[in-house]
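J.: Found this in TrEMBL, in case it helps:
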{"type": "TRANSMEM", "residues": "32-51", "note": "transmembrane segment"}
{"type": "TRANSMEM", "residues": "72-94", "note": "transmembrane segment"}
{"type": "TRANSMEM", "residues": "114-133", "note": "transmembrane segment"}
{"type": "TRANSMEM", "residues": "145-164", "note": "transmembrane segment"}
{"type": "TRANSMEM", "residues": "184-206", "note": "transmembrane segment"}
{"type": "TRANSMEM", "residues": "213-234", "note": "transmembrane segment"}
{"type": "TRANSMEM", "residues": "240-260", "note": "transmembrane segment"}
{"type": "TRANSMEM", "residues": "281-303", "note": "transmembrane segment"}
{"type": "TRANSMEM", "residues": "323-348", "note": "transmembrane segment"}
{"type": "TRANSMEM", "residues": "369-388", "note": "transmembrane segment"}
Amino acid sequence: METGTSTGNKGYEVIKSGSWFIQFRNGYNPWMARYVYGLMFLLVNLLAWAVRDYGRGALTEMRKFKNCKDGLNCLGTEGVLRVSLGCFLFYFIMFLTTVATSKTHSSRDKWHSGWWFAKLLMWPGLIIFPFLLPSSIIDLYGEIAHFGAGVFLLIQLISIISFITWLNEFFQSQKDAERCHVHVMLLATIAYTLCILGVILMYIWYVPDPSCLLNIFFITGTLFLIQLMTSISLHPKINAGFLTPSLMGLYVVFICWCAIRSEPVGEICNRNAESSSRTDWLTIMSFVVALLAMVIATFSTGVDSQCFQFRKDENQEEEAIPYGYGFFHFVFATGAMYFAMLLIGWNIHHSMKRWTIDVGWTSTWVRIVNEWLGVCIYIWMLVAPMVLKNRQTT
């Protein structure tokens, strides 16, 4: 048995060190597989955007589908939802078939990391399938996608907060504590400086008039949350330091900025919205960056399954899989719902302008609630050990 295992491991290493084409054709390499899945996800995102903004050119072809009603029900917002449903079905099937994978060289591991030609047939088939469904089913999926996108945002929040706390623990565990303390203080100072600068710029850009009470509420609330996180983190009973609240502050400032930028065009308190309504190179660049950022966030969150394990396994076996395959595909499945919500502004009855993403009052409030929820999760992660310890002693 040991000889067979070692032979399998040697063959696995040979495949891993080979070219990308050899890995794609013959290999079962989970490291290469995650990039392929990420590329497939990016292509579906581009397809959904093309259906929304430039689908009129395919109107003649869409008329061939009975449920498209002269092609109109398969373009725009509904077209995005149909593409999203196909992407969701693909990754959800992959989730169901890989969720129990624990070791390499197993049949489920080979299915996740190989069988690419079979998947290249299944993938486009599932993308086309929703175009055969009636609009009532697509509308139902659109409502469910709100919940799925919320799950994705929650997973992403926990992943980011876990990374920030891990970074703090990493610096605290270093042997050269004094030197690391200087680096931590420098990094925290830079983060707090950027937070203050971001808040000042948001006041300048998005509060041109005292009547912009909602934007004042968003920005001032963000400043208050930064102060709250810092105060709790520096409490003597918690003593989590400056680094984690400073990085969390940077994150909530970014979310607040994204929320205000999502306000609809025409609002007097959002001067940048008027300029972004014109299709110029800056608008296109912003759209491309936002799209790539969403794909990268989905990819990085999908790989980070460690922070969702309730019990850490210190002694992992040599044949253990490098990341949770089921979790990876589940994140991509919810990510399919999330990109649909971004492209339609979280409103299944809302039509979006070309080269826009995540615009509308619903998008704004989703971002703000996401910011508040992130702060609540971070604060709970700080106080939870103390609260649970007090419960055990009483």
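Placed from the backbone N, Cα and C atoms, the Cβ positions cover glycine too.
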J.: Are the transmembrane segment (323-348) and the transmembrane segment (114-133) close, by which I mean at least 3 Cβ pairs under 8 Å that are 6+ residues apart in sequence?
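T.: No, the transmembrane segment (323-348) and the transmembrane segment (114-133) are not in contact.
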J.: At a threshold of under 8 Å on Cβ distances, which of 32-51, 72-94, 114-133, 145-164, 184-206 pairs most often with the transmembrane segment (369-388)?
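T.: Ranking 32-51, 72-94, 114-133, 145-164, 184-206 by Cβ pairs under 8 Å to the transmembrane segment (369-388) puts 145-164 first.
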J.: Is it the case that the transmembrane segment (114-133) and the transmembrane segment (32-51) have 3 or more CB pairs under 8 Å, with pairs at least 6 apart in sequence?
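T.: Answer yes: the transmembrane segment (114-133) meets the transmembrane segment (32-51) with 3 or more Cβ pairs below 8 Å.
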J.: Go through the chain and flag residues at least 6 beyond the ends of the transmembrane segment (72-94) whose CB is under 8 A from any CB in it; none is fine as an answer.
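T.: That would be 37, 41, 44, 47-48, 51-52, 55-56, 58-59, 62, 65, 112, 122-123, 126-131, 133, 135, 138, 141-142, 145, 148, 329-330, 332-333, 335-337, 339-340, 343-344, 348-352.
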